[in-house]
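Look at TrEMBL and you will find 238 tagged as active site, nucleophile. The annotation active site, charge relay system is assigned in TrEMBL to 261, 316.
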C-alpha cells in the first residue's frame, strides 16, 4: 500500500518522527527505476532517479527492496542475524520511496545534468533515496550505484542463465590482512564502477541499445537526447565520499565531486596531488578525525574551489535515510540522529550541493542563492571542521 500523504508530513515544530521519507522540494516530479546491465560482476547495478511526468495513482517502490538486504544489514551491524533481520523487516519492510516507480520520463531538450552516486560501507542503492530524489526534483538525473566490491550489505547479479541470481555478500577485512590494503583495493573498484556508469549513459545517449536484465517497464532509450553529458558530477557518502574523490582522478568527464562525510582513510597519499577538480566536503559534526580533515585540507590548499563545511548537530547517519525511517529504539542502536532536525540537515546538504553544482557545471538555475553555505555561513553550518568533536 503506497504511503499515505499524512505519513509524509511532519510537524511545523520540527524533529517529530514521521517514519517516512520526505518528498522532494524541487519543481519536478520524480520517477525511479532499477537498472542492471551485464551478467557478471563486471556489469552494473543502479537505481535511477529522474524528473518524470505526473501520473495519477503511480506505484511507489519499497525502500527495502528484498528481505536479503535486511539480513545483510543485520550481519553488517553484527547483531544476531535472524532476530535483527526480522526486526528490520517488520519496522522498515513496508516503507516506500515517495517517487513514481517506472514513471514516464519527462524529456528535456537541453538535457539534464547527471550525478553518479556512491553508497557507504554496508549500504545499498536505496539507502540515500532522500538526497537522490531531492536532487532529481531540482532537475538532475541521479544514478545511485550498488557496488559489487563486497562493501554493500548485500547485492546480487542476474546470471546469463534465465531467472538465476547470484548474491554478493558483505565482507569485512579478512583476518591477518591490513585494513588499508583491503579498503584501498575496494575504493579503486568502486571508482571504476562510477566511471563505467558514466560510460553506460554515454552509450544510451549515443543510441546504442542497452539491455536492462531486470526487464522493467522502462525503456532506457527514452533518456537519449535528454542528458547533458558535458555536465556530470560524482557524489557519495562515507566510503562513497572518498570513492567520488578518486573518480575525479580516473575520469576527466567528471567536473566536480560532492563528498558527504567522506571516509578519507582508504585513499593512498600519492593520489591527493592528482585530484584535478573541485570537491565539496559536507561533513557531520561527530564523525571526522584530524587525519581525515588534514587530507581534505590538502585538496583545498591546492584548489581554491574545493570547500569544506560542517553541519552542526548532525551525526554520520544524518546523511542517510535511516535518520527519517528509524523510531527511538532503532535510532539509538544505529546512532541515526543528531540534535539537528533531520529535515533541516537534508535541506542544508541539498542546498549546498545544488549551489556547488551550479557553479561547477555552469547551470542556468538560481541555486547560487545558497552560495553562502559553501563558505560555511548559515544556521547550523560552519566552515571547515571542529576537531574537538571527533569520536572516532
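Placed from the backbone N, Cα and C atoms, the Cβ positions cover glycine too.
On a predicted model such as this, the values are computed, not experimentally measured, just so you know.
Structure coloured by features recorded in TrEMBL.
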residue	record	Cβ within 10 Å
238	active site, nucleophile	24
261	active site, charge relay system	29
316	active site, charge relay system	25
Distance, residue 238 (active site, nucleophile) to residue 261 (active site, charge relay system) (CA atoms, angstrom):
5
Whole-number answer please: how many Å between the C-alpha atoms of residue 316 (active site, charge relay system) and residue 238 (active site, nucleophile)?
8
